[in-house]
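Only one structure is covered here, and it is reproduced in the block below.
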Amino acid sequence: MTKLQLLYPLGLGLGGPFCFINFCRRGFQTIPLSGGASPAKMSTEFYSFGPYKIDPKEVFYSTPLSYAMVNLRPVVPGHVLVCPRREVKRFADLTVEETQDLWLTAQKIGGRLECFHKASSLTFTIQDGPKAGQTVPHVHIHILPRKDGDFERNDEIYDEM
């Protein structure tokens, strides 16, 4: 784990408007500065990601309808996933509220990732269904901070996903 910590405004679900975030090899780890969820709640609440249970410690941002976590197989540094809390296999099956919250969450996190990673652009992508490359049957948006030269040909990123 790197020792890099920064004060970062995150918002809902993580102890108020400011949290410390540790950036480490496995991803983000949040440490609330004040308030926050009780230890009992944090230890019993799990997020689902298709057939997988995600420990709350792996989630660095959440709203009542969405959550974000670091991709365990990142294509580029800073590659994260934004998912609806409700397990939904296909994008068209999200409610209007879930769709709005998912994209607003992706927008907020994307801007912060771009700044932190000193990227010049972002790739937002959804693989909607097995034939589109979706390997976990749970809607999720990939957010990838992009820099000059991260791939020889820009579209090679899609081969890596």
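Every residue, even glycine, has its Cβ placed from backbone N, Cα and C.
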Range annotated as motif 'Histidine triad motif' in TrEMBL, from 33-37, 38-42, 43-47, 138-142: 138-142
Extent of the substrate binding site in Å [max Cα distance among ASN71, GLN127, GLY133, GLN134, THR135, VAL136, HIS142]: 15
Binding-site residues compared (ASN71, GLN127, GLN134, THR135) - the one with the fewest other Cβ atoms within 10 Å: THR135
Chain-internal residues near TYR158 (site 'Important for induction of apoptosis'), provided their CB is under 8 angstroms and they sit 6+ positions away: THR125
